[in-house]
Amino acid sequence: MSLSGSDSHLAVSPTLAEDMNSSDTSAGLAETPPADEEKRSIVDTGESVVAMNEPHIVDWDGPDDPGNPVNFSRHIKITNVGIVSALTFITPLASSMFAPGVPQLMEEFHSSSRLLAGFVVSVYVLGFAIGPLILAPASELLGRVPIYHICNICFTVFSIACALSTNLGMLIAFRFFQGCFGSAPVTNGGGTIADLIVQEKRGGVIAIYALGPLLGPVIGPVAGGYLAAARGWRWVFWVLAIVGGGCTLASFLFLRETYPMVLLKRKTQRLIQETGNTHLRSKNDNGMSTRQRFVQAIVRPSRILFRSPIVAASSVYVGIVYGYQYLMFSTFTYVFEDQYAFPTSSAGLTFLGTGVGSLLGLFVIGAVSDRILKAKSKPTPEAPSGAMKPEYRLPPLVWGAFFIPAGLFMYGWSAYYRTHWIVPIIGTGLVGIGNIAVFMCITSYLVDAFTIFAASALAANTVVRSILGALLPMAGQSMYDSMGLGWGNSLLGFIAVVCIPIPWAMMRYGERMREAFDGATIFTIFSGSVSVTRSTFT
């Protein structure tokens, strides 16, 4: 990537998704000299690297600069990833932990509406769709840590507000805002991992991070069922507030800023104070005003979604799978209480089938993902130096896509004929394997392909999947009432079968789609005076 001072052209790196060990990739934008200069001399200030041909440009102090997030100590990386992963577990946990207590809630507020009973759960996921539109670009403008802190505090506050709600309208409103602020770790966590972890080691880390969005909604109803039965539905929110408050405190104590652009900006400001040279600027500074950068950051996720066919296709596929998960979650309580006469406390245990399947898929995919990447990126006669491509993350996705329809058919017809309760739960386990394959592989793919803009790419993905996750459960009960459990789940299974070619097409044609896609359609929105070259994202 280069920024030429003479013509103010911003170039997006064609190696944007490659090894995060490259400081230029991590920082996002690098400087190259004018065409008539063949050599570049460097002045080492001890705090940064300043190019002699661009004497006011501040860069990293070489590839081993300890200020570069990829060079942070192992302890700092583990601490940051651990806290973010914990947050990414808690906020999805809150999406479904409340579900077993809904019958108590509806009785207390004197409502018998099945629609409202489903919506009071899914409105949280709707908040997950709205929050990323602001939070992801804000993290790329202000940094990761301020967004985490603000959202953690607000999540805790709205959890308390939910516990104190006195009517259904209040609870729905507070649940929505709880979801909006709870989306921060899910949206920005992938960006934090991209900041810290080099590409060839990223698959295993994302496997840990993916536990939250997949297992949180599964474990939530198990704990929530017993808690609601013992102490009432309000205590679900009190527990969330207590845990959220503890994580907020840990974040303030230990979480460290990782976004390279913000860190370079801070270095520049520190150098200005030390040297008195007000002409110094970060190599990422393209001269835009704060307003222009804000507009750029806010609009970027939607542009990525609508202008990048690979992001659009992957987001729709993840959205369908995510919607299926929440549709099934919204019906588990009724299915197993009505069909199998499970008590409220035990009904939550039926969610464990999906959890066990997700864990099994997590261990397998986490073990093979980085191995596949390294094996496929070995040097060949065509590519003597080897090449790591985002598409190398996708083979497990192709395998996992078959588990989703198989699990749906098994769950639907076994529950319809009231076979032993373990059979439909095994079916949900197969769906869980497919879910984790889809979520992990596509998250890794987007992080590898967009790196410094990973938060915006994941935000686009999160918006689509959260909208479907909120809307499909609202239609689920009506579908089951009219079609029955057998044909209702079969309809979902047939749709999943139709979607199987999507991951296959992404793996086979994804690189070609990225190369054909003109990166300027995303990045030229920054400013009328800044033009962007094509990015192949390879």
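Keep in mind that glycine also has a Cβ here, set from the backbone N, Cα and C atoms.
The shown structure was predicted, so the numbers you read here are calculated from the model rather than taken from an experiment.
Quick look at what Swiss-Prot annotates:
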CARBOHYD  Asn21  N-linked glycosylation site
CARBOHYD  Asn71  N-linked glycosylation site
REGION    1-42  region 'Disordered'
TRANSMEM  81-101  transmembrane segment
TRANSMEM  115-135  transmembrane segment
TRANSMEM  153-173  transmembrane segment
TRANSMEM  203-223  transmembrane segment
TRANSMEM  235-255  transmembrane segment
TRANSMEM  309-329  transmembrane segment
TRANSMEM  348-368  transmembrane segment
TRANSMEM  394-414  transmembrane segment
TRANSMEM  422-442  transmembrane segment
TRANSMEM  444-464  transmembrane segment
TRANSMEM  485-505  transmembrane segment
Surrounding CB atoms that lie within 10 Å of the CB of Asn71 (N-linked glycosylation site), all protein chains: 18
Distal contacts, the transmembrane segment (153-173) - CB-CB under 8 A, six or more residues away: 91, 94, 105, 109, 111, 116, 119-120, 123, 181-182, 184, 234-235, 237-238, 240-241, 244-245, 248
Stretch with greatest number of CB pairs under 8 Å, the transmembrane segment (309-329) reference, 81-101, 422-442, 485-505 candidates: 422-442
Collapsed DSSP category at Asn71 (N-linked glycosylation site): helix
Maximum Cβ pairs under 8 Å to the transmembrane segment (485-505) - stretch from the list 81-101, 235-255, 394-414, 422-442, 444-464: 394-414
